[in-house]
Amino acid sequence: MADWFAENGLLLGLALLDGLAYAALVFMVAVGLNLVFGVLRIVNVAHGSLFAIGAYTAASIGIFFASRGLPPWMSYVALVLAAVAVGAVLGPLIEKLLLRRIYGHEDVLQLLVTFALFMILEDVQKLIWGVQPISQDTPLRFLGTVDVPFGEDVIPFTAYQLFVLPGVAVATLLALAWFLRRTLTGRVIVAVTTDKEAATAMGIDAARIMLLTFTFGAGLAALGGALASPTTALVPGVGAQTIVLSFAVVATAGLGQIEGAALTSLLIGLGRSIAVYFAPEFEVVVPYLIMVAVLLVRPQGLFGVIETRRV
Amino acid sequence: MLELSGVSVDIAGIRVLRGVSLAVPPGGRVALIGRNGAGKTTTLRALMGLLPVREGRVALDGQDATTTPAHHRARLGIGYAPEERRLFGSFSVRENMLLPAEVLRLPRPETARRLEAVFTLLPELRELAPRRAAGLSGGQGKMVALGRALMVGTRAVLLDEPFQGLAPALAMRYAEALARLHQALPEVAILITESNPELLRSLVEATYVIERGEMAPA
């Protein structure tokens, strides 16, 4: 064991740090997917496209800011701007034009419609940004690197991935938990998630809540993409990769608990990055192995909500 | 006055209500009796606007409300306690009861006054208030559903088979609560559905019977 650590300690350290940063991004996407499914009862296959468009938009705004000679910290403003813009424009557009027509329809139809939307958005993205890799890493370079002590080794790691990504994810988790428990709008969202018809009979305008929730979820996905954009070169296909991973998180965590989504993101993010470093040929399947293992034992997911007692 | 006249409703393309008419006068206590699947729940859902009305009309105090959006009906003073009680499980009993008042943005003193009135009427709810709704028994849940309906039901409450599945002792308590309700708030109309006509005989002033989606002689 000690020998193994001496040989592989550095790799393990890198895998953990990478996994943490990756888990933060996966959480941002999965928590939105979870919220949207809870309220709209639609599995939005195009949720990953919002991540991708958020990433591209952030890169474009960042490049534009840089071309105007704005200071590098403005690249963070670009990330937030991109998330807000994508959420506020695409969210209502998609909900009002498309999703509103398929509420309560059979699952197959909903899957086909959102899958079609995914294909359309992938092409829109290629039309606007082309297929050449785009890179805009000012936010990453601006904060520099930190030397992380790990046993006897030191791992240089970017401060952006070490602090900003997990920080934003934790802040999102806390803010969301507070919002859903403590504000009226939050409780109304929970009520519609629990029972749309009963909520309507209480005077809740469910259509408005669905629009609001979808817009918010779209914004979270776009924020995830925007935050991811400095860490990688953007190429077509990033949306598909994200959505598949966040499906695994939502299925593993079970629906309803955002804290559960956070822990599961961590589990799957770490699992995947450990595979990347130690068994790269399993990188793609590890999240699903975790998912299958969990669902075999707990079909409702790790944190699935317990059914209300009937008697 | 809560009125349905000649109301027909389709679910998934199949007509389940055919020309249903009934009237609940202000402060009146009315029973809608029918077997399982006769259309009792559908009638209440149509009254609440939760299902589109194909023919006929729904009126409140003579005002047409056929196309009033469902979420506006709570504002009109109609409270609804669905059959499966359908509380919000992750909320406390108190939060369940307060939610409709908060959604309607009632002034705080008015909300507090109504909550106190409901607690006086249904004293067991005061003790249950801090409990999580998911952990309640069936009978407790029905009491909470009634209390929640009363928080907004200043004109009428629609109670869908409240006695279904209640143990005899609990059913007695529920019936007593309804009698107290009528004494304390005589202006609130009660429309209550049930499959057994004997059970409600002493509680109501008028009875409608529904069979296979149509009104039948009482």
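Positions of Cβ are set from backbone N, Cα and C atoms, glycine also.
Heads up, TrEMBL stuff is auto-annotated, nobody curated it.
What TrEMBL records for A:20-43 (among others) is transmembrane segment.
If you look up TrEMBL, you'll see A:50-67 (among others) marked as transmembrane segment. Beyond the ends of the transmembrane segment (A:50-67), by six or more residues, the same chain brings 29, 74-75, 77-79, 81-83, 85-87, 90, 121-122, 124-125, 128-129, 134-136, 138-139, 218, 221-226, 228-230, 234, 238-239, 242-243 to within a C-beta distance below 8 angstroms of the stretch.
If you look up TrEMBL, you'll see A:73-90 (among others) marked as transmembrane segment. Counting residues 6+ beyond its ends, the transmembrane segment (A:73-90) has Cβ neighbours under 8 Å at 50, 53-54, 57-58, 60-62, 64-66, 136, 138-139, 142, 215-216, 218-220, 222-223, 225-227, 229-230 in the same chain.
The annotation transmembrane segment is assigned in TrEMBL to A:159-180 (among others).
Here TrEMBL flags A:209-228 (among others) as transmembrane segment. Taking Cβ pairs closer than 8 Å, the transmembrane segment (A:209-228) reaches residues 24-26, 28-29, 31-33, 35-36, 39-40, 44, 47-48, 50-58, 78-80, 82-88, 90-92, 94-96, 99-100, 103, 164-165, 168, 172, 185, 188-189, 192, 199, 238, 242 in its own chain, all 6 or more past its ends.
Taken from TrEMBL, the feature transmembrane segment covers A:234-253 (among others).
Taken from TrEMBL, the feature transmembrane segment covers A:260-279 (among others).
Beyond the ends of the transmembrane segment (A:285-306), by six or more residues, the same chain brings 245, 248-249, 251-257, 259-261, 263-264, 267-268, 271-272, 274-275 to within a C-beta distance below 8 angstroms of the stretch. Positions annotated as transmembrane segment by TrEMBL: A:285-306 (among others).
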Sort out the residues at least 6 away from either end of the transmembrane segment (A:260-279), same chain, that have Cβ-Cβ distances under 8 Å to it, and list them. 8, 11-12, 14-16, 18-20, 22-27, 30-31, 34, 169, 173, 245, 248-250, 252-254, 286-287, 289-291, 301-303
What same-chain residues lie close to the transmembrane segment (A:20-43): Cβ under 8 Å, and 6 or more beyond its ends? 51, 99, 102-104, 107, 110-111, 114, 161-162, 165-166, 168-169, 172-173, 176, 189, 192-193, 209-210, 213-214, 216-221, 223-224, 227-228, 231, 242-243, 245-247, 249-250, 253, 255-256, 258, 261-262, 264-270, 272-273
Cβ contacts under 8 Å made by the transmembrane segment (A:234-253) with residues that lie 6+ beyond its boundaries: 25-27, 29-30, 33-34, 37, 43, 45-53, 55-56, 59, 118, 121-122, 125-126, 129, 131, 133-135, 224-225, 228, 260-261, 263-265, 267-268, 272, 287-288, 290-291, 294-295, 301-304
